[in-house]
Amino acid sequence: MEVTSQARGMGLEMYPGTMQPAAPNTTSPELNLSHPLLGASLANGTGELSEHQQYVIGLFLSCLYTIFLFPIGFVGNILILVVNISFREKMTIPDLYFINLAVADLILVADSLIEVFNLHEQYYDIAVLCTFMSLFLQVNMYSSVFFLTWMSFDRYIALARAMRCSLFRTKHHARLSCGLIWMASVSATLVPFTAVHLQHTDEACFCFADVREVQWLEVTLGFIVPFAIIGLCYSLIVRVLVRAHRHRGLRPRRQKALRMILAVVLVFFVCWLPENVFISVHLLQRTQPGAAPCKQSFRHAHPLTGHIVNLAAFSNSCLNPLIYSFLGETFREKLRLYIEQKTNLPALNRFCHAALKAVIPDSTEQSDVRFSSAV
């Protein structure tokens, strides 16, 4: 029993039948599992990574995220806010959605730094901090996903029902929709929190992130339903574009639009699927009998996996600026005008304009069905 407790203290799982009884040792009264080399060999022998190996892998992935994805998400979302606000007199309905989406994504990207440095999942051991972080992240997670879903629906309505929806797709209704989305995001977080908090007031280790009902709601309302709506809307958009371009024969324009649609759906699915699969596996597993209440969290048992899926989910907020704005002609033109206004050096203007064209070439095709940055 002493050996098992020491092994668990080092993050090693001991199962019946995985280790044979050691031969009697007359030179040492007990087996010293505190030695790092012996602990690592035991971990490797059972097919698991040692705590040090998990830390190194998590640190490496965190460095990759911080160096490559975080700057794209942080700078990209700030540029979306600054450029669109600078041209507020020319702001369109999709621009309003872009601004609100950028706000939610920017907060998520900033919060991701906390997760990057949370390699040992320390804040999950502090009930107040764990609950606060979970509430803050869920509000912005829901708002980001809800805005992506609503933008997909709005794009389909704009393309397929252009004549009928002209009276309803106004800036006033767009602002109202943004307000309702933020209210829905807050309600989807605070209402379950209030309900479950009343049931767990006597638990010292209660954390909002570990409540099964909340996790089921997060998987359903934060992934399954939005992905189904996004997939349905963009499949209908594809059908509209195929019909429109089939009569005009503009295949390059159609292929560009279809590639952007494919990128939108794939990025959302790839980034959010690991997080929701991780939560679903936890929900489908039964809690081990006799486990301490504070150690029943699935993240305690699999800290490295939890760290990886969190970084993947944050990556969606980093990639959204590239997909929704920088790949769109409207925003690129606004960005070029913004650079020209803020800089007085003609050479610098020409360099920035050439750089934008080199990275994302302009499209010269024309079409009656405009598939702009609002896709």
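Yeah, the Cβs are placed from backbone N, Cα and C, and that goes for glycine too.
Look at the topological domains in Swiss-Prot: Ser62 and Gly306 end up on the same side of the membrane.
Swiss-Prot records N-linked glycosylation site for one of Asn32, Asn84, namely Asn32. Proximity of the transmembrane segment (128-148) to the transmembrane segment (67-87) is not established, fewer than 3 Cβ-Cβ distances being under 8 Å for residue pairs spaced 6 or more apart. Across 67-87, 97-117, 176-196, 261-281, stretch 261-281 shows the highest tally of CB pairs under 8 A with the transmembrane segment (218-238). Taking H, G and I as helix, E and B as strand and the rest as coil, DSSP gives the topological domain 'Cytoplasmic' (88-96) the counts 7 helix, 0 strand, 2 coil.
Cys130 (disulfide bond) falls within a helix when secondary structure is assigned with DSSP.
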